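Undergrad: Dumping the structure here so I can ask a few things about it.
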């Protein structure tokens with residue numbers, strides 16, 4: 001018993017060093033030299049300052065930008081407090097929120113809103129919207145930026161990322177990248 | 001004892017009904033945790049019912065009916081056990097009559113007698129029993145020969161011979177000497193005799209739970225606790241959902257879910273299994289032995305008397321060169337007509353069957369029979385001018401030599417060939433001419449190979465034990481269809497074989513009767529002693545076959561298997577039943593508050609009350625409905641385990657899911673048409 | 001439900017089949033001390049660990065094995081608790097996070113020691129990098145190794161004949177860690193990084209967003225932890241959003257690999273069972289049972305989540321070339337419905353608990369399946385090790401009932417199943433609902449339980465039920481709307497996790513010890529074979545019946561009622 005306890009303690013400390021320190025440090029060192037861009041968060045720079053991560057969604061308001069999905073992370077797209085709304089399908093607040101947002105969208109566009117635009121993502125940081133969600137916003141953004149909707153539609157279509165290897169996941173549009181391209185093209 | 005007890009014999013039935021109530025005693029109920037929970041539930045609802053009645057609460061009619069049916073559930077389970085016991089009790093009473101108190105004539109040390117009561121006899125006493133007297137206790141014949149009527153124990157009316165020395169020396173108290181007299185050394189004290197043990201066994205007084213039964217009880221208790229938890233915690237869930245339930249409904253749900261069907265029938269199954277053995281005239285000393293029988297992997301069978309008839313029979317004629325087979329057959333038949341031995345008779349029969357030679361009137365032919373003697377080792381017949389002899393090759397060769405002739409080479413070869421094949425060659429000579437050889441062969445008992453095939457289908461390997469040489473043994477083994485044989489076996493070899501098999505993890509069964517079988521019988525997992533055998537053999541084995549029929553092991557194995565299968569099948573049935581009960585009770589509990597839950601009311605039961613009551617009634621009635629099955633046991637067919645399981649799963653598993661849906665619906669219709677709720 | 005969704009499922013299942021069998025054979029080989037190509041590197045490390053720790057690799061009986069397992073778990077639990085409490089004095093804390101509160105630290109230590117990885121906290125604002133690495137990722141390795149060791153000990157009990165011992169605990173966890181977990185992590189982590197999973201020790205990154213806002217990106221040594229989090233079926237996210245967080249699971253490929261990693265070792269262990277017992281057919285039969293339950297669960301979730309919400313207006317919920325439709329609340333666009341459903345099925349079947357979508361926001365029926373998957377006892381592939389020993393308990397019960405039905409004392413691969421074995425199996429089966437139902441019932445009746453609810457009505461009941469089921473099943477996923485960082489939930493859930501782990505492992509080891517000392521009975525024609533389709537069906541049936549009968553009443557008042565009410569137009 002006493003012997004086993006000593007073994008337990010020594011074994012715990014030893015493996016903690018091996019697996020808790022040596023292993024992650026080795027992987028960190030490898031990542032730092034082999035794939036520094038990804039290891040540090042796939043950051044995007046605009047004019048020399050960090051404009052965000054390619055992988056993390058940002059809050060967009062106003063008509064000039066494509067909007068991401070509603071976010072339940074903090075006050076919206078808070079990357080230190082990721083998470084979903086955790087509303088049940090039977091939660092009256094959820095149904096009211098969706099129906100409210102969808103009614104506004106539908107009133108403006110005359111078409112029903114794509115589901116992803118009115119539902120909060122799991123992480124609250126979803127960088128993507130569906131192609132349907134992007135195309136749904138084309139007219140609004142084009143109007144705000146006084147652009148040709150057709151031209152904007154082509155820009156959106158160029159930003160559709162297909163399924164990985166043709167079958168994994170779903171087609172999607174990265175909102176930050178699209179909006180960056182939008183800013184560049186209208187500059 | 002061989003007469004079967006009708007399932008619903010009125011005497012037994014009446015006793016069983018009384019027993020159902022006396023068994024309500026919680027001290028007896030503790031042995032059966034599942035039913036104890038039901039009884040506790042019934043007591044609880046009864047108490048609440050009284051409160052209900054005093055306060056004139058609504059719903060009294062429903063609560064009353066629930067309470068009554070809960071009690072019926074307990075009573076039905078008690079009834080099942082009582083009726084199983086009742087059948088044994090009836091048999092015990094018959095045995096007790098045989099026991100009675102008898103007088104015995106005990107030898108004093110000086111050689112004179114004294115008359116004492118059987119109750120005064122102790123181990124080691126020597127008594128004398130004469131024709132017409134009952135034998136006062138179990139013992140061993142030490143002097144004399146007598147015919148004994150053992151029908152009180154075996155049900156077999158033909159008397160049996162008991163004699164000092166050898167393997168037929170054991171006598172049982174309560175049997176009666178019919179002729180002659182015998183001197184018996186008593187081997188058991190009063191209260192410990194075979195008859196006493198037998199009475200205790202059939203009554204189930206000494207019944208202990210068998211290992212598998214204990215394991216199953218643990219499983220059932222575990223399930224009961226799980227359901228107790230599920231139901232007890234359902235109330236908080238219901239309170240959260242603003243749909244609290246009455247205690248009557250919760251107890252109903254609990255009783256329906258816990259495995260009352262198997263719980264109520266479990267002990268009845270065990271008692272009935274022992275009882276079935278008794279009906280086959282086998283006494284098992286413990287339930288453990290019966291269960292072990294179901295598990296037997298290897299069965300040791302003695303050749304002589306078990307696999308083959310005790311005697312050899314003529315199967316073929318081989319004529320010497322230049323002699324027609326008809327002539328040989330004719331001579332052999334003539335020589336055997338007066339031979340009353342089974343071998344002799346078999347020669348007559350064979351000649352008749354093969355060559356249509358009919359028996360002739362020997363006196364008319366002035367024939368003179370020459371009997372077998374130890375000196376000549378031949379028998380035969382002398383007719384005017386001819387003398388025919390038959391005997392072993394050696395004897396006939398000597399006979400021919402005396403006649404100034406000799407055995408032809410071909411005949412000697414045939415003799416050797418037959419011997420090699422395990423047969424007994426019998427040479428026939430007419431005057432100085434050797435006519436040929438009669439092939440006497442061990443005859444495998446009729447129907448035995450089918451029975452052995454049945455064993456193989458059960459997965460049991462049979463091994464034949466014989467003193468014959470390996471060649472002979474192989475021939476018989478092949479013919480009988482045993483899987484293996486042990487040739488030139490000595491008693492110790494048998495013991496070693498058992499130990500070897502057991503070391504491989506196998507369970508071994510054997511039968512035996514002689515004193516030298518006793519160690520092996522004790523070593524074997526299932527040792528069936530023949531009732532005709534010695535006391536030592538009967539003490540060593542864990543079962544006694546009153547009919548002394550060695551192939552009865554097959555029935556014993558089947559009963560052992562049936563016992564387990566019945567428990568397994570009813571457990572499966574009981575658990576499968578719960579699905580339907582959930583679909584009856586859960587929507588009924590909550591549909592009042594949440595009408596949408598009626599979507600789960602797939603049986604379309606009329607009202608919540610009728611749904612719950614129907615489930616409870618079904619749960620109680622199914623126990624009674626399955627009593628015959630529990631007593632009879634589920635059908636056993638020697639099939640592969642896979643096939644058996646498929647069948648039983650289909651019947652008791654799938655059937656167990658479907659039947660209650662139909663049953664509960666039916667009861668619901670009846671309840672509503674009678675306006676019970 | 002789309003053709004592409006089906007295709008992804010088929011490719012996933014094919015990959016699982018393809019990889020798990022060889023890995024199973026490797027495990028069977030390596031766990032008994034067999035030589036491998038990794039020996040030149042790992043053998044010296046292994047010896048060093050034994051020497052420094054004072055381990056003599058002698059055989060242990062089940063009591064010694066259980067004793068070592070409990071003492072080690074206690075020591076490692078203490079380590080994590082201390083690290084959490086003292087993290088502000090320890091390095092790698094660039095955000096200067098304070099020490100963790102006592103109840104939360106205890107809950108988290110219990111959670112990671114038991115391979116549950118229930119997270120009552122928001123990691124990015126609670127745990128320093130040092131705590132994540134030494135306190136948490138460390139347990140991801142060793143709690144997994146302990147689970148595998150116990151499973152292997154049980155298998156040894158089955159195959160050994162008249163043996164007093166069931167192996168050496170220290171050797172088993174050391175070899176599992178070094179030869180199995182570590183190499184696989186070193187393979188997986190670089191792929192994850194390449195796809196975008198972060199791996200650094202830098203402070204959080206401040207960003208001025210395009211739309212003139214501020215954003216702080218949480219960072220950390222994520223990939224190294226993510227790899228073992230999935231491979232060890234731990235599931236504790238580096239971030240609050242777990243595997244839905246783009247830094248943990250950035251692409252459909254990483255999602256595919258993470259799902260595969262969840263099932264890889266549990267599935268391989270089933271093949272290792274076949275390999276070690278010399279009955280590959282038995283391994284396949286058990287695999288088939290698990291596969292049936294998994295597929296049924298996945299299809300139900302996939303179908304349920306593809307259904308439109310009945311009460312939404314002006315919303316396009318239909319599947320098209322441009323969107324995956326269905327219920328997207330709490331799901332990520334890159335995964336869509338199919339990869340979210342598959343992940344949810346896998347993570348709850350295995351006691352992983354990582355999530356790439358929020359189970360709380362699933363449709364009532366979809367969410368019910370995730371709950372039922374856990375309620376079945378985490379035996380559909382299950383946690384690493386715990387899945388195997390869990391299903392073996394059900395195998396023992398199935399064999400017992402089947403054995404009776406064919407008229408023999410039940411035997412399993414030559415070992416007779418007797419009352420002690422049934423007792424241990426029933427104890428195992430009993431403890432699980434005991435914790436779940438009793439603690440849920442208490443929570444439902446008390447303000448301290450109800451105060452944490454995010455949703456009311458039947459879904460509130462499900463949230464609490466899910467929490468205790470997840471804890472007792474050592475899953476760790478949550479209906480995350482429940483605010484579980486309270487005294488009541490931290491202590492009661494921690495308690496549930498410890499009981500659900502160790503009080504269930506001890507009967508397993510007792511069973512292993514009891515089986516090991518038995519003789520082995522050779523199979524005969526009368527023995528019920530455990531390598532057939534009939535056996536798979538029976539096993540599946542028994543698992544479903546036991547699970548369903550235990551939890552049907554609770555489920556009928558939770559998700560079933562919620563579904564029916566929702567479709568009748570009721571909201572809460």
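For all residues, glycine too, the Cβ spot is worked out from N, Cα and C.
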Undergrad: Using TrEMBL as the reference, determine which range in C:96-115, C:116-135, C:136-155 is annotated transmembrane segment.
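TA: In TrEMBL, residues C:136-155 carry the label transmembrane segment.
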Undergrad: Between the candidate ranges C:379-404, C:457-482, where does TrEMBL place the transmembrane segment annotation?
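TA: That would be C:379-404, per the transmembrane segment entry in TrEMBL.
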Undergrad: Examine the ranges C:65-83, C:198-216 and name the one recorded by TrEMBL as transmembrane segment.
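TA: From TrEMBL, the annotated transmembrane segment range turns out to be C:65-83.
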Undergrad: Transmembrane segment per TrEMBL sits at which of C:225-244, C:285-304, C:305-324?
TA: C:285-304
Undergrad: Counting CB pairs under 8 Å, which listed stretch among C:65-83, C:136-155, C:176-193, C:285-304, C:533-555 touches the transmembrane segment (C:253-273) the most?
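TA: Going through each listed stretch, the top one turns out to be C:176-193.
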Undergrad: Can you tell me which recorded stretch out of C:379-404, C:488-512, C:533-555 has the most Cβ pairs within less than 8 Å of the transmembrane segment (C:285-304)?
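TA: Going through each listed stretch, the top one turns out to be C:533-555.
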Undergrad: For the transmembrane segment (C:425-445), give me same-chain residues lying six or more residues beyond its boundaries with a C-beta closer than 8 angstroms to one of its C-beta atoms, as numbers and ranges.
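TA: Residues 375, 377, 390, 393-394, 396-397, 400, 461, 464-465, 468-469, 471-473, 488-489, 492, 495-496, 499-500, 503-504, 507-508, 511, 546, 550-551, 554 contact the transmembrane segment (C:425-445) from elsewhere in the chain.
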Undergrad: In the same chain, which residue numbers or ranges, 6 or more beyond the ends of the transmembrane segment (C:533-555), come under 8 angstroms Cβ to Cβ?
TA: 285-286, 288-289, 292-293, 368, 371-372, 375-377, 379, 391, 394-395, 397-398, 401-402, 429, 433, 437, 440, 461, 465
